[in-house]
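Heads up, the thing below is written out as structure tokens.
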Amino acid sequence: MEQRSSTNNRWNWEVSGFEPRRLSPSQSSPEEQRRAGAAPLVRRYSISAASAVSPYTSEFSKQALVSKVQRLKDKVKIAKEDYLELRQEASDLQEYSNAKLDRVTRYLGVLAEKTRKLDRVALESEARISPLINEKKRLFNELLTAKGNIKVFCRTRPLFEDEGPSIVEFPDDCTIRVNTGDDTIASPKKDFEIDRVYGPHVGQAELFSDVQPFVQSALDGYNVSIFAYGQTRSGKTHTMEGSSHDRGLYARCFEELFDLANSDLTSTSKFNFSVTAFDLYNEQIKDLLSESGSTLPKIQLGSSVELVQEKVDNPLDFSKVLKAVFQSRGSDTTKFNVSHLIITMHIYYNNAISGENLYSKLSLVDLAGSEGQILEEDSGERVTDLLHVMKSLSALGDVFSSLTSKKDTIPYENSMLTNILADSLGGNSKSLMIVNICPNAANLSETISSLNFAARARNSVLSLGNRDTIKKWRDVANDARKELYEKEKEMQDLKQEVLGLKQALKDANDQCVLLYNEVQKAWKVSFTLQSDLKSENVMLADKHKIEKEQNAQLRNQVAQLLQSEQDQKLQLQQRDSTIQTLQAKLKSLESQLNEAIHSSEGKSSSPATGSGVSITSKTAADSMDSSAVTKKLEEELKKRDALIERLHEENEKLFDRLTEKASSVGSPQVSSPFSKGAPNQPRDFGRNDYNKGRSMDVPSQLTMDKSEGAGALVKAGSEIVKTTPAGEYLTAALNDFDPDQYDSIAAISDGANKLLMLVLAAVIKAGASREHEILAEIRDAVFAFIRKMEPKRVMDTMLVSRVRILYIRSLLARSPELQSIKVSPVDCFLEKPSSGRSRSSSRSSSPGRSPVRYVDERIEGFKVNIKPEKKSKLSSVVSRIRGLDQDTLRQQQVTGGKLREIQEEAKSFAVGNKALAALFVHTPAGELQRQIRTWLAENFEFLSVTGDETSGGTTGQLELLSTAIMDGWMAGLGAALPPNTDALGQLLSEYAKRVFTSQLQHLKDIAGTLATEEADDAAQVAKLRSALESVDHKRRKILQQMRNDAALLTLETGSSPIQNPSTAAEDARLASLISLDGILKQVKDIMRQSSVSSMGRSKKKALLASLDELAERMPSLLDIDHPCAQRQIADARRLVESIHEEDDHIQETYHARKPSAADLGSGTETDVAQWNVLQFNTGSTTTPFIIKCGANSNSELVIKAEARVQEPKGGEIVRVVPRPSVLENMSLDEMKQVFSELPEALSLLALARTADGTRARYSRLYRTLAMKVPSLRDLVGELEKGGVLKDVKS
């Protein structure tokens, strides 16, 4: 719509009532009022001599010029007034913006201070957490150290099908038993004690659960090494790498590192990870990441080893690095069995507060096969490889044995493997050896050898071990674990506190961002207004200057024209006198000729001959003179006619220039279309907004009924449609249109079409920002008018289509569920007449219209029936002789008659076609016409534009054809087929029903969810009730809107109504919540009355009876609300029953001696009309006291405040404040008893150390509160005169 209204002012309509200002009829001159109703001037190109010299015409032209000049002056005056008003509005807005900017700046300063405080608290919390984290790391390390820095696990792989029975047994989790099969000894089974034993059924996840503490230790800053030991095909590589569905230690360890780092991460700490990988073959190191790139950083391992390290930020990066390592290692399995693969994860930790920097590493080693037998057929290279493997594994066993036996010297230098991993084997580092064995009998010797290696590394003997020692260390580990759990709990509490502070800091930052954005917007608005004001000032000044110059030019031209007119009149008078003289001479010559003829007849024949010759010669001479005079007279008459014609043209040019000037300065007026005798005006609305450069004219003979009020459209909200003068006028015009008042069908058609054009003009005048409001305001009237006029078939269907499309697109803009609707392309609606298929369409080639499936519609293609004209050879020769080339002939393929025929066929095709209507609605106009042109160019070669024809007329033919098809379709879509409405109307009704159905179902789902939620206390009950009432209110608004849109929803005759989902369950829950809310309020009032130390027997009995009555009201609630009500009633009952019970006469005596807060005033009514809020800031608390004060009908001071200061959610209570005179004879304890029944804030503000000080404080507080209430100020004056409010100090 914005594009449609801003493209070259395509519709030049003159609509009154839509202008910012317009002179009222009383202010206009009588001459202007007379000319407003006159018929438009008709240009004449020839006038008679009599009309040219008419003084009336000259006088009329002068008056027209004077009126036009006066009108221009009025327009300039109105423009100046508008400029002054705009300047004043800009000044006011600038002041408002500056004030608002000051407030925002002050608030930003407060928020900045709060942000700094939160940052400081967050840093302090981080500093408090850091020692706890270090303590946790220390305790965890001590726990692992107590269990042993070197751990040995044993894992048995499953048996293969052809390996026979298993020789391995598992008595418990720490013992493995091997059947040696030696019957010569007494006990053929040997037991090996290992730290942890895993059977064939154990998966990778269970194994990693025991490895996880070592990963945690590596993250805490200790070096950790994990080895996979065993013979070839014992499962070492599977343990480390795993499979696609059961990952190994490589992936699991890094994921655990990453998860632990994220959980321990704070705003001041940071973890970084990098990976190195190398292969140790024959004591030679091969860097497996060296091929990744020379630009990566390197790390020094040992004294002479330098490796490339690649940084990883997430598990996906680690998987990519691991894949590159395996690809770089190659696929030679023979070499894998005699080489060690070492993958190391380097961990860097930095803490910005403590300045702590830690470095640790986790090394995962896949060792070579441990089989040490050298066969005779092994080659020399194979023997060398085996010897190096045996040497490195033996050195590793020596290192483990030395470490577990705590020897002074550790032989790290015996092998390259132990030398590189020296920092991960001894000291505080942790080592884990996972021994993998084969359970079959064929590998018995290797299994025994591997278990002996494990026993040697663990420094254990082949026995059951010392159970007492194990128990002792387990007790130590349990104690350390308990202490670790306590520290972790304390650390979690501190973390929660830090999270709360971070959230508060985030909220403050969000508020700062919002305020900053608001400030930016205010600055932008202010800058925009200033720039607009300056530009408008400059524009008005230029416009005023130009108008002055034009006025001066017009005055000069008028003077020149008047002077030229006087000169021409003088010339005409001279020529008229000359003509009259010549005519007199001609008459005298004719009379002389007649006399000569008569005299010649009476003479004789003889002398007649001579005289006749003389007379004849004289007559010939006279006739020659007469012909010359006549010719001269004709020339003079021609010159006069040419002069008159030129004068007339000059006058008309001047009049046109004045008219253009008037139309450019101000908007002209438009008439109401309801005059019976209004002639049919020319209409150029046959084309829509798809054709640029078109315009429509509306007659301007009459004036609108409403001349007062500006034409600005008021934006309509979602609930109430506001009215505007333009909308009211259009609504009344549409509703009051009566076809019976017109004499003919043509007059009815003209009036109806003018109304539709006025509707479109109003939308264009409103602009894109207010288009929805004006459409919503006149919607019912428009639909009723179209429905009423459809049976008569007098409306221009293209106008109807345009109005329908406006409403459908307005609905689409406000309905996201409709914007996702997919429509068929334009190719589905077009066909060639020859084959029934287009080059870009996939429809079948059946005769006639070939239907295709489009959701629930059947789309039929429109056959574009154009063919190239066949020329005979003779016609071609004739065309060449005439000089017509082939391009000219091609341009003549499509004639005007053919275009009208195609347009009529397109109109017949579009009638009732909902699929085509959807295409028009969802596709921009320019894009749709471009697609039609593309299809025509592709499917009709004689219309295609080649390189030679771009300057010819083919493009114009494509434009004409596409325009004819578009116009025909537009006209057909607006044509109705009674009893059904047009296709666009059916589509609009369908879309509206879909939107309403979706909204009702959405509210039904929300209400259903709320109705199933259970409430625990009064606050949740209030929230649920409010939410359900809000949903019900929205549903009722939608139903009301549906009733208002009855005309819209009944456009499609015979369609199904909108299904309103039942809300009986939700309504029942809302009624239950309302009853429950009432019960809880009564329970709360009973608990408030029970907040005393003692109570009379009758009052206590009455309270219990009230609770019983509330319990009897339980059947009115739903089952889901019973627990909440029962719980609240039970709590109130326990509170009432726990109160000390006294006799009624004792209570009456006590209350007679000590008046209560409710009785200290003259009445107990609290019907306060208006509350005034006071805020008391005290130095002892950070939260100020909020007290609301007012006056009841008895002119007593009433306050409303929280019952307890420390429990702000306990609810407000209302109390009558006693006058200071009541406290005159009371002791301090009695005053405290009185204040106990008042809000705690009042007692804290009034109480002092002595009774006199309390009375003085209370007097000042009472005066402060009472002076805040206007109706109590006179009472304060009376109390001051009586000496009641004097300050008595101790």
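Every residue gets a Cβ built from N, Cα and C, even glycine.
TrEMBL: automatically predicted annotations, no manual curation.
Note that the structure is predicted; figures quoted are calculated from it, not measured.
Checking TrEMBL for coiled coil across the ranges 134-175, 176-217, 470-511 points to 470-511.
Checked against TrEMBL, the range among 62-96, 937-971, 1007-1041 recorded as coiled coil is 62-96.
Cβ neighbour density within 10 Å is lowest for Gly235 among the binding-site residues Gly230, Gly235. Each of the binding-site residues Arg233, Lys236 was scored by the other Cβ atoms within 10 Å of its Cβ; the lowest score goes to Arg233. Set side by side, the binding-site residues Gln231, Thr232, Ser234, Thr237 differ in how many other CB atoms lie within 10 angstroms of their CB, and the most is found at Ser234.
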